[in-house]
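Student: Handing you a structure now.
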């Protein structure tokens, strides 16, 4: 069988000095007028004619076509598939597309039979000259076209979907004509097109016919964790990624080595170039593992930027074996679509991985106090580098034996960063821009012995001067100060200086990166811990991880204050030390510099003084809504019930500021997806836009077997036509093992899916979204 599209692509890639491999089960005949391949036989098809049936190349309409002349005999062309190809078609579906016109008669039959069954549409011109279709095993005819349109060229499509009740849908010029067509019994084993009857004459001209089997393998198990993006500037260029798992395990096991691999297609996912290892150049001695490739396609530069995590080879996120002092981090590589070149990996760990001492005053208070010998008759200065994560009562205090100065930091209801100063009634708004509210800031107190006042500076900018309050205390303290008010703060530095001498110095940024041999316990370092109720404190973060799936480039931020169109952003998994959460990592300059947003707001409840009941969002994906909001869907690992509320295996969150902060969408969890697997697994979400500008969301996840039960089987596809409020479907895409998946728009009609299937083999599905959509919208009418 000649794979015409494969050969064309191979020739093009050879011109660029690139290798290619033929994966796609795509069988076609194309009447190009090429003298070398001008007949079906020369393109690999078997002639199956009887009596006077024949075929000939014609240019009668000014374009080449193969004229099927079933006059006085059958005139059809066939190709027989292998057992493996039949099995693949049964498990992953197939699509048959024909561009032809019927000139006279009937019994024009373009179909596929797998040895046990077939779906057989019969195209004819009826006695009134109308173009009609009927289906084997079903009654009635459907008129497709009348008048002169009946004998013009049209597109006929059959789309077969697998499942417990497999069926096909028939489309005419892109419109759904018949759904849920059940196969009929047949012993034939072939793809067939032409006039299929020796007793009924029929003449048709074929410009093109394609038969495509879904589910070609592009990465083989034990490799895992697929992701995929497609270029919108250079149509047809698709880049796929996975973890190369030599040894077969998750990262962080001595028994295996993990790297990041990629393959590229330049014909929409039909053929793929050879596998390329992106990380072996920075992993020559196999001392690290790399995981979770997260690509972002940037249309402004026509590049793909893929981020991935680095781990020590003996510890990673799973099992919380990774520790803050271990060499976890994030790297990225850039692929230039036009040239086909990859840049060397770039390390951005210092930009995105936080090193700090973290205090969560959730249900209690936790302060650290250090007695000092400040002299109120001399100037002094304190510096603190702090990030306010949430809540209030987050405090810095300096007392010099005469007066004390207290700065209490909080996030107010509007999301702004606010300071309250002791002895001053009015709060001070320090920052209202969300991107800066949740960042680390330098808080400096400068005491004037002459005036007995202190001036507050934030990031070097003078904010105010105040007198504080009379106090005989002589100390410095920080933490969450009120057991009745929740708050979380992260500290990187505390320094107290007088007369050029550091009286107190706490370098949490440094200590968070040190091994246990270095003393880090604040109480052993001279601090007094003052704790009430339930709190949590730790050095972190242990790890940051891009997670599986693709990231996005923002394009709909016109309605958002501080428009950030062009922002590259993805949801990353962060492990503080004990719990997983998700935060956005983003770049506003094409990837040169990266910042982090806040973590997802999650409910919690202390079950005891040492057991915190909360959610742990992990693998997540996001999509930009039409109004500029970002919708994030996250897998919930481990616990799913907090304070009696079942949040299910999946929860959605919303951002109204370009991914900086998030809100939990009540009751918007896995339950909005009917017949979804109850197991935890990575999913995928994306936006799809048609050529007419209409748009909707797509979501893929296993359904389970049967649907709605626990298990990684039977990948489903859901549609949302109201920006993620409700979801229609699922449409089953895979029959059998289905784990992680990623879906991305390929063109104005199709999306491409990569999914883990049997034995972790990662397969490609090229799905006709505009056709499948009609299966749902038709049922609503």
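Cβ atoms are placed via backbone N, Cα and C, with glycine included.
Take a look at what Swiss-Prot says about it:
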SIGNAL    1-24  signal peptide
BINDING   224, 635, 712  substrate binding site
ACT_SITE  250  active site, proton acceptor
REPEAT    263-274  repeat 'BNR 1'
REPEAT    585-596  repeat 'BNR 2'
ACT_SITE  619  active site
REPEAT    653-664  repeat 'BNR 3'
REPEAT    718-729  repeat 'BNR 4'
ACT_SITE  740  active site, nucleophile
Student: Could you round the CA separation between residue 619 (active site) and residue 635 (substrate binding site) to a whole angstrom and send it over?
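Tutor: Residue 635 (substrate binding site) has its Cα 5 Å from the Cα of residue 619 (active site).
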Student: With substrate as the bound species and 224, 635, 712 as its recorded binding residues, calculate the greatest Cα-Cα distance and give it in Å as a whole number.
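Tutor: Roughly 18 Å, rounded to the nearest whole number.
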Student: Counting every protein chain present, what is the number of Cβ atoms, excluding its own, within 10 Å of the Cβ of residue 740 (active site, nucleophile)?
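Tutor: Result for residue 740 (active site, nucleophile): 26 other Cβ atoms within 10 Å.
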Student: Could you give the residue numbers and ranges of same-chain residues that sit at least 6 residues beyond the repeat 'BNR 4' (718-729) on either side and whose C-beta is under 8 angstroms from one of its C-beta atoms?
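Tutor: Those are 623, 625-627, 631, 652, 668, 672-674, 676, 696-701, 773, 776-777, 780, in sequence order.
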Student: When you scan the chain for residues with a C-beta under 8 Å from the repeat 'BNR 2' (585-596), skipping those not six or more beyond its ends, what do you find?
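Tutor: Distant contacts of the repeat 'BNR 2' (585-596): 298, 300-301, 305, 307, 330, 332, 334, 348, 351-352, 354, 435, 439, 544, 546, 564, 566-572, 658-659.
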Student: Other than 224, 635, 712 themselves, what residues in this chain have Cβ atoms within 8 Å of the centroid of the substrate site's Cβ atoms?
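Tutor: Near the substrate site, beyond 224, 635, 712, sit 548, 619, 680, 681, 682, 739, 740, 756.
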Student: Taking every protein chain shown into account, which of the binding-site residues 224, 635, 712 has the largest tally of Cβ atoms within 10 Å of its Cβ?
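Tutor: For the binding-site residues 224, 635, 712, the Cβ with the most other Cβ atoms within 10 Å is 635.
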Student: Please name the residue among the active-site residues 250, 619 whose C-beta has the most neighbouring C-beta atoms within 10 angstroms.
Tutor: 619
Student: Residue 250 (active site, proton acceptor) to residue 224 (substrate binding site): how many Å between their Cα atoms?
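Tutor: Distance (Cα to Cα, whole Å): 9 Å.
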Student: Hey, of 224, 635, 712, which of those binding-site residues are within 10 Å of residue 740 (active site, nucleophile), Cα to Cα?
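Tutor: Taking 224, 635, 712 one by one, the ones whose Cα falls within 10 Å of residue 740 (active site, nucleophile) are 224, 712.
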Student: Give, as a single whole number between 0 and 100, the mean pLDDT over the repeat 'BNR 4' (718-729).
Tutor: 97
Student: Using DSSP, what's the helix, strand and coil tally for the repeat 'BNR 1' (263-274)?
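Tutor: Final tally across the stretch: 0 helix, 4 strand, 8 coil.
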Student: Using DSSP and three states only, what is the residue listed as 'active site'?
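Tutor: Where the residue listed as 'active site' sits, the three-state DSSP reduction gives strand.
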Student: Where does residue 224 (substrate binding site) sit by DSSP, helix, strand or coil?
Tutor: strand
Student: Going by DSSP, how much of the repeat 'BNR 3' (653-664) is helix, how much is strand and how much is coil, in residues?
Tutor: 0 helix, 5 strand, 7 coil
